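Working notes for the structure below.
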Amino acid sequence: CHLIHYLRLSHHLIVLNYLICTFDKLKSVSSEDITITDAVFDGVEVRVFEPPAKRDEGLKRSVVYIHGGGWALASARTSLYNNLCRIMAESLNAVVVSVEYRLVPEVCFPEQFHDALRATKHFLQPDVLAEYSVDPSRIAISGDSAGGNLAAAVCQQLSKDEHLIIRPKLQALIYPVLQAFDFNTPSYQQNMNMPVLPRYVMINYWIDYFNGNYDFAHSLLINNHTALDVGQALSFRGRLNWTSLLPSSFKKNYKPVIQTTGKAEIIQEIPALLDVRAVPLLAENETLQLQPKTYILTCENDVLRDDGVMYAKRLENAGVEVTLDHFDDCFHGCMIFTIWPTDFSAGIQTRNSYIKWLDENL
């Protein structure tokens, strides 16, 4: 993929996603248990999973789900996410709306955020909910990895929309990526070379999402973009102080990496690094106080572990009821790996715990 990119034949992410979808594409296949249809919500493609109506049954609960993949890969239509959403719909007897937002490099930030927000707001309209027989008071917004990022950002935006009549009851974030301020949190240091999502890969996802310059990658890795002399970053530093937000069992003996002098031009060229629509962990306390009851799943063997744990702590400090569901023996992305030949016990374990929480709280 990178050779094709180097030869200027195509962007490597386009090639990689083409390969993923070619081998994994799944048609809209309905069954007697779940009806699967593709629709368009305010210009955004979605896939809707509907359980059959039962006699004398009331309105159903619902989950808006946003898939992961570094804002650049995967699809609501691939078998991994299709299977997850189908099982959610069956297990919860809920209408699941899986958002097919546009990907890098076709579009970059903030378009993925706008797609997810538009699709969610469209679904939250009373007439649309009535069409799908959904209870307006029992809706969750959820996502994994980059989808967890979008879910958190959308939830924050919805909470500030004074004109919104219906709001999500819950948010459920699966190993979400929530900040690009500090790439040397203990989990980033501990898991820097961990397979599936090494630190340099996550940094490249951020650069691609922001349509930034790869030349900045090393400076980002050593936190030059948030050095003490970078004035734009100073006001955010207190919102992401992992020495106070993480438990000692996670901090271990790791030390903060704070540069005295850095490169202010990085923030000037990529201001989205400090945009809360892209980095929800940097939101102000007034916004966090408005968030709904929250579930956050984290894995020990994941550079993003501390993103989720810090967000849980900040939400808790803001008075939000939070469940932090941490798995010591699991890895980033594991929850979608439940189909042969990648049917891992870690996937079954995390998926069951996530669905159980939704079932008990939605």
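Backbone N, Cα and C atoms are what each Cβ position is placed from, and that goes for glycine too.
Unlike curated entries, TrEMBL annotations are predicted automatically.
TrEMBL annotations:
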{"type": "DOMAIN", "residues": "63-220", "note": "domain 'Alpha/beta hydrolase fold-3'"}
{"type": "ACT_SITE", "residues": "Ser145", "note": "active site"}
{"type": "DOMAIN", "residues": "275-335", "note": "domain 'Alpha/beta hydrolase fold-3'"}
{"type": "ACT_SITE", "residues": "Asp302", "note": "active site"}
{"type": "ACT_SITE", "residues": "His332", "note": "active site"}
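Straight-line distance linking the Cα atoms of His332 (active site) and Asp302 (active site), rounded to a whole number, equals 5 Å. Around His332 (active site), taking its Cβ as the centre, 25 other Cβ atoms fall within 10 Å, counting all chains. For the domain 'Alpha/beta hydrolase fold-3' (275-335), the number of residues in each DSSP class (helix H, G, I; strand E, B; coil) is 22 helix, 19 strand, 20 coil.
Recorded residues Asp302 (active site) and Ser145 (active site) have their alpha carbons 11 Å apart, per Cα-Cα distance. Over all protein chains present, the Cβ of Asp302 (active site) has 27 other Cβ atoms lying within 10 Å. Mean pLDDT across the domain 'Alpha/beta hydrolase fold-3' (275-335) comes to 97 in this model.
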